[in-house]
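**Student:** The feature topological domain 'Cytoplasmic' is assigned by Swiss-Prot to 1-12, 197-532, with sequence analysis given as support. Residues or ranges marked as transmembrane segment in Swiss-Prot: 13-33, 176-196. Look at Swiss-Prot and you will find 34-175 tagged as topological domain 'Extracellular'. According to Swiss-Prot, the domain 'PAS' annotation covers 216-279. Per Swiss-Prot, domain 'Histidine kinase' is recorded for 315-531. Taken from Swiss-Prot, the feature phosphohistidine applies to His339.
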Amino acid sequence: MRLFRQLSIQWKITILSFGIVAFALMMVSISLLGYVTSIKEDELSNRTMITAQLVAQNHTVQQWVDAKPEEASRTLQPIVERIRVINDHDYIVLLNMDRIRITHPIPERLQTPFVGGDEDPAFAEHIYLSKAKTEGVVTVRAFMPILNQQREQVGVAVVGSVLPSYADMIQEFWQPALLIGLITALFGFWGSWLLASHIKRQTFNMEPDELAHLLVERDASFNAIHEGVVAINKHEKITIMNEAARRMLGVKEKAIGRNIHEVIPDTKLPEILSIGKPLYQREFYIQGRLVFSNRIPIQIDGETVGAIAIFQDKSDVDRLAEELTGVQAFVDALRVQNHEYSNKLHTIAGLIQLDEGKKALQYIFDLEEEQEEFSGVVMQKIHNDSLAGLLLGKVSRGKELGVQVIIEKDSEFIDHPEGVTTHDLVVIVGNLIDNSLDAFSSTQDQNKTVHVFIGEENDFLKIRVRDNGEGIREEVREKMFVRGFSTKSTSGRGIGLFLIQAIVERVEGKIEVESELNIGTTFSIYLPKKRG
């Protein structure tokens, strides 16, 4: 046993597999031996019965079997012996009605009483087979009544054949059986070795103790990672879940080996198995915490055999958070507003120097009315300081670019939809307005307008941004939501629509895009007030 434990896994598998093959071969051989013996017995039984019928129907036998025993034996013994030899039976015995042997292969037993104990039914004209063990062998015997021409019973024909034993069958078939056994054993050993070699290659030629050590190292490495890591196999069973993932997902019970839907009901990791492509920086909420995930398929030889997800907390991705909050957009808005009011102050100062005080005062009133009209819509209808500030900044930015950004008067924002944060709204509105402003970069039209609507429609918060810019070409529409795709050559572009789509998908909303070249584009975002 100690020697067996010291063998490599390849030799262990080979020996075990070959042992199973050898055991199966032995069981099959025993079963086959019994089956062949049974067939042989059936064959002998049929032959014995046919011969008994042939003897009983012989006219000479019918005429002489009830004669005097001495005369009957002299007449019938040669005839019956010839039939016995030809048909290869061990004995044929004819009995008269006094149960005296008229014929027998052993002459000393002629004219002696039959001793068997199973012949009574035959003297009542019954036809049957029986088995008897005599002198250490088992014989099958056919009993056939002998009837004369008047259909009267005059005797009984008994035909017996010795049944072959298992030893006889082995002796008869040992040569072909040995040849088949050797060939089977050879192929069994060869197949076992191939199987063991295949398993060895599948385990990267590593022994079980090496695999166990590697598994321990892997678990330690994953648990040392600050990000949450979850991996599944192609059957959607969890194979990896480190401690960080347990904390983020709030999982306390055993997770390894369970279906991921049982542990994380709203998971989207299994979809990676079907699409076979990675998804980066997708956001969603876990236990009230906004996280980002990278989901990557695990592929071997081009086949997807699993998927792995890496979760990152929002606080760990400051760079992406800065893109979401639109800090740069507010800085630009302040710069534009400073420049705009500087020009207005210069105008007022000039009117005062020209002693046009009434005109200066009227100019101030006009500015105040214009500002109140615009600010009234934004500040009174948009009950979110960050979103209102963003809209004011975008209006100012539009003026700098010669584009009129119009906040529609029927806009109204009161409360966030379920699962949508202020950052999400800033990302959606800010990027849509920026895209509309960019749509005028190559147009010479003087009437450049962008209409923005934010309000409730049925059970959705609707965000609509409509411009009369250059429109979107068909080839661009097919790829505009892909991360990194942009029609601009500026570095860092191509993330806005990708982020919008990620937010909308997370809250199970929808995006509608209508665009015609040289006419304009309309983006409509629908965010459900309540999910589910």
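Using the three backbone atoms N, Cα and C, a Cβ is placed for every residue, glycine included.
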**Student:** I'm checking region-level scores; what's the whole-number mean pLDDT for the topological domain 'Cytoplasmic' (197-532)?
**Tutor:** 79
**Student:** Using DSSP, tally how many residues of the domain 'PAS' (216-279) sit in helix, strand and coil.
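**Tutor:** In the domain 'PAS' (216-279), the DSSP-based counts are 25 helix, 13 strand, 26 coil.
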**Student:** Which residue counts does DSSP give the topological domain 'Extracellular' (34-175) for helix, strand and coil?
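**Tutor:** Helix, strand, coil within the topological domain 'Extracellular' (34-175): 66 helix, 37 strand, 39 coil.
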